[in-house]
Amino acid sequence: MASAARSASRAFLRSTPTTSSFRPAVRAARFALPAQGFRAAGRRGYASEANSGKSSSNVFLWAGLAVAGGAGAYLYLNGSDSVTSKTFVPGKEDYQKVYDAIARRLADETDYDDGSYGPVLVRLAWHASGTYDKETGTGGSNGATMRFAPESDHGANAGLKIARDFLEPIKAQFPWISYSDLWTLAGACAIQELGGPTIPWRPGRQDKDVAACTPDGRLPDASKDQRHIRDIFYRMGFNDQEIVALIGAHALGRAHPDRSGYDGPWDFSPTVFTNEFFRLLVDEKWQNRKWNGPAQFTDKTTKTLMMLPADLALIKDKEFKKHVERYARDSDAFFKDFSDAFVKLLELGVPFTSKAEDRYVFKTSE
């Protein structure tokens, strides 16, 4: 049902002229949350006096905790001060429960832009991953260092506290998942729940401390041209086709003057993942917007949409433009290429122990 509804939405959008004021309803599906399969509980052990045996046990306890922290293992002290090991190794079903919890929260919480937090979750996953530098091996989704200043204060990350806070109840419900895995899983979930392509995903990211924060300037600057775009994306290891596909995420959401300085949505359906961004980029006439903000463009037909200087650079550059035109004509090609590029983005710099063929494919909500 969900896939049929998404297909119908995309088909309707393809037949809707650019002057349409169509705004699709947000997914309102409801489903029961699966019961959590375990409880992470810590009981502090107290002893009236120390002896060599207890000291040795404590050494092993803390060593065990240090090793187990990234693997979902929990150690407990029982009433007799002995150590009991309970190991929890999450599998696909456990991550599906996390996915379902995010999807339900997206359906329930509709008090954000255009009725969905989905677009800002995609932006969080994108910005957490897009700091990767292939030469130094630093940055990327492994670490979730946007939890800390100065990275959380970088201009490109303005407004993403909303997305991070949105996911805190999910983190509390599933404390075993790292923030790094949670943020990227949330991005994959949002893409699928908003009608986009399947995003295969795998766990394995570990959170890092503030020392791993990346320097400012690694994310794309919307005011720049194609040379800047290539500099940013080539640094991560993407080619021109992948660059255009990833920028297609602008099909979702809108810009905010109090964050990026820009204003407005890119298309008429900012909570449905489509190829409309490319269709409008090619078919619509774009003119400079006259306002007090930074330079941006507005559509000549309705004057309600916007494009960024970096967006227009995609059709000014011959190599970029051929991919824009292909995606404008072929939604299926865009969906496939976006999925491949987004999976690559989410995995940059992650020291996985699993293989690519072990990625999970999550069921969408009904």
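Even glycines carry a Cβ here, placed using N, Cα and C.
If you check Swiss-Prot, you get these features:
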{"type": "TRANSIT", "residues": "1-46", "note": "transit peptide"}
{"type": "SITE", "residues": "Arg123", "note": "site 'Transition state stabilizer'"}
{"type": "ACT_SITE", "residues": "His127", "note": "active site, proton acceptor"}
{"type": "BINDING", "residues": "His250", "note": "heme b binding site"}
{"type": "ACT_SITE", "residues": "Trp266", "note": "active site, tryptophan radical intermediate"}
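Distribution of Swiss-Prot features across the structure.
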residue: Arg123; record: site 'Transition state stabilizer'; CB count, 10 Å: 21
residue: His127; record: active site, proton acceptor; CB count, 10 Å: 22
residue: His250; record: heme b binding site; CB count, 10 Å: 25
residue: Trp266; record: active site, tryptophan radical intermediate; CB count, 10 Å: 24
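Listed in sequence order, the recorded positions near Trp266 (active site, tryptophan radical intermediate) (C-alpha within 10 Å of its C-alpha) are His250, out of Arg123, His127, His250. Taking the C-alpha positions, the distance from the residue listed as 'heme b binding site' to Arg123 (site 'Transition state stabilizer') comes to 9 Å. Under the three-state DSSP scheme, the residue listed as 'active site, tryptophan radical intermediate' falls in the coil class.
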